[in-house]
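K.L.:
Under the heading signal peptide, TrEMBL lists 1-18. The annotation domain 'Acid ceramidase N-terminal' is assigned in TrEMBL to 51-84. Per TrEMBL, the feature active site, nucleophile maps to Cys163. Residues or ranges marked as domain 'Choloylglycine hydrolase/NAAA C-terminal' by TrEMBL: 163-290.
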Amino acid sequence: MKLCLAAAVLGLLATVQAARPPRFDMGKPVMKFDGLQKESNWTQRLAAEGTVNLDLPPEERWREVCGALKNESKYLEEYLMESVHVNAAEEKMIEKLGEILLENYGRDMRGEIKGCADALGVDFGLLMVLNLGYEVRRLGGGIHNTTGPCDDCMHEGQGGNMCTSIVARQPDGNIVHGRNLDWNIPADLRNFVMTVKFTQNGQHVFTGGTIVGYMGILTGLKPGLFSVSIDERGLGGDLLGNMIMAVTNKNSLQPSHLLRKTLMEASNYDEAVQMLSTAPLIAPVYYIIAGISANDGALLTRDRTKSVQPLFLDNNKWYLLQTNYDHWVQPPIFDDRRKYGLQYMNAIDPNQVNLEEVNGVLSKWPVRNDDTSQTILMNPLSSSWTFYIDLFKGDDERT
């Protein structure tokens, strides 16, 4: 299996070097953001839904979900070829990290990846590259979202690959949770973005938002208990540091895999916070968590071994907002989505906050920007989950 993976990854990455240029026209600068850019440039549609039955053998769990997209698998390969830009040394590191993680995954995860690859009709190594997406993020390029003057401003079609997450307490003490995911997913790949319901013993265990083929979870809801979203920290960490952690601590997990494990195993909000605060990670990340009691809201700034300066809802703090920078550090001027997000949240009357108001904040520029591909709205207590695929005006979506 290791040799097959190495050959597949090397073959794909060799192709990457000769990949065609990005499909977008990079020549037209986006207007400088003033927080007032009109929102009429957007359309949304609900994401498709699928079910993964965890009682099935690992190789069969994703067969129906992945098989439904077999005729579109070429778009996934094209996306990966356009997204990864590496030199020879980095290529070797990715190959090695893939081998290490494959060994650490265990039978279930290896089986799930293989089963999905077979159902899609793609090479196993291709899906391994996808599943390394967060940990090798720094090699993938992408310009940060632009909210002010800068020398390297974002252009239409160039994404920041960033996120915004919000948890807020309603007047009745109920917690609502919303997130935008800014990921450079082209329109012709967004059919792969979907809601997946995970079941076991005939019961609905948790719901996750993911891209088909990626076995981790970036946003998840455990019905009636808690919800969690992931925001990228430090561009997913440096590749060498991630690899060292994977080698030296076999119990360390990818951030999205720890979230999936937490959704599976934690029986309440407190257990989820504990797991997400303390479990060893291969790469740094932000976890934003909502529960079902009045102060059940947490923002965890994770390094590879611990949570740093966590924030929690309390009687004086009715919401938490996280983008992609440590909350104690001033964001760079070219990507200060935090400033606008806080401004929009502070304009809401705390006695009238609800999920619709949170969605309104997520819909305003630059919190939502021309690389926002997903908006997910959750209420852990009511178990409500709404997953929108966002399309910026001009996206050439297939019908």
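Positions of Cβ are set from backbone N, Cα and C atoms, glycine also.
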K.L.:
May I have the DSSP-based helix, strand and coil counts for the residues of the domain 'Acid ceramidase N-terminal' (51-84)?
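P.N.:
Taking the domain 'Acid ceramidase N-terminal' (51-84) as a whole: 23 helix, 3 strand, 8 coil.
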K.L.:
Mind checking how the domain 'Choloylglycine hydrolase/NAAA C-terminal' (163-290) divides into helix, strand and coil residues in DSSP?
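P.N.:
Tallied per class, the domain 'Choloylglycine hydrolase/NAAA C-terminal' (163-290) gives 40 helix, 51 strand, 37 coil.
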K.L.:
Among all the protein chains here, how many other CB atoms are within 10 A of the CB of Cys163 (active site, nucleophile)?
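P.N.:
I count 26 other Cβ atoms within 10 Å of it.
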